[in-house]
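So the structure is just underneath, and the comments pick up after that.
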Amino acid sequence: MNKRGALLSLLLLSASVSAFAASTESKSVKFPQCEGLDAAGIAASVKRDYQQNRIVRWADDQKKVGQADPVAWVNVQDVVGQNDKWTVPLTVRGKSADIHYQVIVDCKAGKAEYKPR
């Protein structure tokens, strides 16, 4: 009986560690043309990209927030950047939880990296 309990505890621990590691990985994606945009334009682009392209493809985000169409927002005053490279804090709110990303956008390269905060 003790061996079963120890084995079950080990399995649960390893599953939770791997789930935590998966949730802290950053996700690199292609990003639409954004050269020349200001902070408000970048904020709108990041929000639109997440709602139209990311949530529909990232099942782990849907599961975490508890819905397929969560609310996403960016506080424009927190957006910083120069030379078409931006850092955008994105908050995604669902029925079950919130997800916070630090989105690093490189407009010239056409890429963005979503890093969990």
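Every residue gets a Cβ built from N, Cα and C, even glycine.
As recorded in Swiss-Prot:
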SIGNAL    1-21  signal peptide
DOMAIN    30-117  domain 'YebF/Cmi'
DISULFID  Cys34-Cys107  disulfide bond
Can you tell me the three-state DSSP label for Cys107 (disulfide bond)?
coil
I want to check the contact list for Cys107 (disulfide bond): same chain, sequence separation of six or more, C-beta distance under 8 angstroms. What comes out?
Phe31, Gln33, Cys34, Glu35, Gly36, Leu37, Asp84, Lys85, Trp86
Number of other Cβ atoms within 10 Å of the Cβ of Cys34 (disulfide bond) across all protein chains
20
Check the domain 'YebF/Cmi' (30-117) for me and report the mean pLDDT.
97
For the domain 'YebF/Cmi' (30-117), the DSSP residue counts stand at 26 helix, 31 strand, 31 coil
